[in-house]
Structure formats: C-alpha cells, structure tokens
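K.L.:
Here's the feature list from TrEMBL:
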- 9: Mg(2+) 1 binding site (BINDING)
- 11, 180: Mg(2+) 2 binding site (BINDING)
- 11, 159: substrate binding site (BINDING)
- 196-350: domain 'ExoI SH3-like' (DOMAIN)
- 353-476: domain 'ExoI C-terminal' (DOMAIN)
C-alpha cells in the first residue's frame, strides 16, 4: 500500500504540551503527491474543570473554552478520533513544527487517556515528519524560486504565516488549525516543485536507521546539519562531527559544531565540559564561551547532508569557514578518548522527576503488558458501566490517572465521595505552579494586564476576554468562596 500523508495541526490553550490542553485539531489526508483524499477533519475538545486556559492563547486563536466545549467532545473521545486517523496503516503524520510541539501534544493527550503514546508513530508502516526543517534546508541549500521573508535584523523568518504571505499561499486565519494545515500542504507542494530531489532526500530522513547510517562516531565523518539550534543568520546550519552516543538515550548522538576550536574538549574535565555546555548565559563566567555540543535525535528526522552539499556559494552565503572546520575535524579525528570524555559530560544526574502522574510520561517508565490490557479495558468500557469498573494496576501512576480520567471526561459517574475529592483536588491544581501552567494568581495578573490594554483591542478580543473571565468564575470550586 502506498503511503498517505496526514497533515495536522492543533490549536491549544497554552504553549506547554504537558500542562496545557488542546482546543482544536484539524487534519487533511493526502496521497503521495499531496492531493487531498477524503474530507478535512476538524474536532474541538471539551475542557475539564481542573484547567485554566492561558488568556493570550485565547486571544491568539479566538477560541474560548465555552466554544470548545459547546462544539467539542470529551478529551478521551477527542483523543480516540485522532488515534483513528493517525494509526491507519502506511500513514506519515506531519505538520509545521509538529515534531517539537504537535507530536508532544498528541503524546501527552494519548497518555492521559490510556492510549499508547508512541505506537501510531511507527507501527504498521507508519512514520512522522516535520516540514519546518525541510524549509530551513531549502533556505540553506536551494533558496532559488522561493520568497524568504526577513525579520527586522535581516535574518530569515520561518514562520508559516509569513512564508505563506510572501509566496502567495492562501492562509485564511492564521492560528486556525485547518487554515494552518492547508497552508502547510501548499508549502510542501512548493518545496517539492522547486527541487524534488532535495525534497525526497529530506523526506527519507524520517527513517531513523537511515539517519543513524549518516552519523559514524568511529570515523567522526563530518556532515552538514541544519537545526533551529543554530542561528537563522547562519541559515540554521553548521558543519558537525559525531563524537559519541548519548550515555542514556539510545536515539541520541552527541555532535560538535566544527566552527569551534575543539581544544577545550581535550583540556577540560568532563564536569567542566558539562558546565560550559549546560550553563545558562548568566551562569557562564565572563569571557567564557559555550562549548557547542548538542544531541541529534535519530527519531526526530534531523536534517543531515554530506559536506559536498556545501559548495563555495553555499559556504559564502551561510558564513561557513570550510578550512577552519577541516582543521578542527583533524584535531578531533586523532583523539582516542574524546568519545568517553564527551559521553561522561552528558551523563550527569538528571533533574528531579515530577511527582504528578500527568507530567510523568517520560520519567515514569513504560507500562507493563498487564497494565496495557487494563488501560484497553477502560477505553472499551461504556460510560454507563464505568462507575462499576475496578481495574487492577501495577504502575503506581495509574490509579490516580483513572480517577482523573473519570472526573475530567465523565464527572457524572463519580460517587459522592469522589466528587468531594475532585473539588478539593482541582482547587489544589489551580493553585500549584508545579502542575498548572496557569494558576489562579497568574490568571488574575494576566487579566489585569490585558484589561489595561482593552482600549486598543478589537471587539472580538474584548468579547473573548469577557467570555474567558465568566468561564473561570463559573468553574470555581466551593473552596474559592471560603
């Protein structure tokens, strides 16, 4: 069966995929030539009463929680409909900045609702991709025939809405999920039309085995890497050398930017290297530069090209000094212990994991087969009999997650005792900055700031804020009133 592409986009009530919630999902399936198959899908998500939307997000999208709830379905049903689309065999799901944002929204959405957060990404011939790094690659290597909008400082802007306007692509309302999906499809068509060979090469990098073959930590063969981690003024590009596998992440390869003199890697201890890699700008000693080591994730479709792609014209346009890169690579190639030193620098103690189950997708480990069966049983249980269901869990996260699942999606099935507990729990969540992206105090401050600017806002924006304030006032638990 030939691959189909599921272009998709979320609108959300905030920018944190772990703590914030989706408001809208849109998707269009296309064939391999990006011709639409079937009808577009637009789904809204009903909001639960333990979550405070970010006011700025509501202003940006124009979606209030009342609108999402009126048009939408409970989050578990929202997640189930998205799963149906994404798990279809031979589907490549993609979007614009989707690997770093939309896919994280999907993973945490599925996790909260007892759906395997990863299976749809690779099972049944499926894959995922992201157009934004392909756009960056075209700017760096084959910019001809595409209009590139600029920021005030003269560097390129890769914002979807600006690229759409510059290239005559219909975009409708920016920050409307379906409009963003259509613009992404048209941008993909434009890139492929300008250089099909480069486009297909980049698309092939969604296979992590292919990516792994390009990063040889034994020979340290240099490659051109294009990533948002490098300045837009350099075309988001760098010549890099792979140095070591990440000590704890089997999908991570540690690389170094060959624009840097690698001498500190030989002279400093692993601990000192780590300090100069991970310290914030404020923490770096005056006159000390950051060591440009980064991790390339094999399963995130990184853009890697042979260095022959950097001809004289490309090197000049991107400000790449190939002679300096060659000298630095020669220094690294002759060092036997550099891989060990670099790996040790990346093997420090991880940050303390969160204690709240909602936030423990990546820190809580994988669920056992027994727990997966129980999770499947929960999803298959009709609402009418959910109250009587008593699953048996091994993972300590799941009992609390099951309680929240019922309270958020079907509060009518809670017992009197559970309802009382939920009122207390959601009050605590609204006031705990460790678990809430927006606390009640933060919400009040943000509304006060916005009210000071109401005179300069449109009628739509003022109405949006009024609706949001009414929504939050109406959802307050008894604890809010003493």
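The backbone N, Cα and C atoms fix where each Cβ goes, and this holds for glycine too.
Please treat TrEMBL annotations as automatic predictions, because they have not gone through curation.
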K.L.:
For each of 11, 180, count the other CB atoms within 10 A of its CB; which of these binding-site residues has the top count?
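P.N.:
The residue with the most neighbouring Cβ atoms within 10 Å is 180.
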K.L.:
Determine how many residues of the domain 'ExoI C-terminal' (353-476) DSSP places in helix, in strand and in coil.
P.N.:
81 helix, 0 strand, 43 coil
K.L.:
Using residue 159 (substrate binding site) as the reference point, find which of the binding-site residues 9, 11, 180 has the shortest Cα-to-Cα distance to it.
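P.N.:
So, of the listed binding-site residues, the one sitting closest to residue 159 (substrate binding site) is 180.
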K.L.:
Which whole-number value in Å describes the distance between the Cα atoms of the residue listed as 'Mg(2+) 1 binding site' and residue 180 (Mg(2+) 2 binding site)?
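P.N.:
Here the two Cα atoms are 7 Å apart.
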K.L.:
Could you find out if DSSP has residue 9 (Mg(2+) 1 binding site) as helix, strand or coil?
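P.N.:
DSSP assigns residue 9 (Mg(2+) 1 binding site) to strand.
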K.L.:
How many other Cβ atoms sit within 10 Å of the Cβ of the residue listed as 'Mg(2+) 1 binding site'?
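P.N.:
I get 27 for this one.
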K.L.:
Over all shown protein chains, what is the count of other CB atoms within 10 A of the CB belonging to residue 159 (substrate binding site)?
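P.N.:
The Cβ of residue 159 (substrate binding site) has 15 Cβ neighbours within 10 Å.
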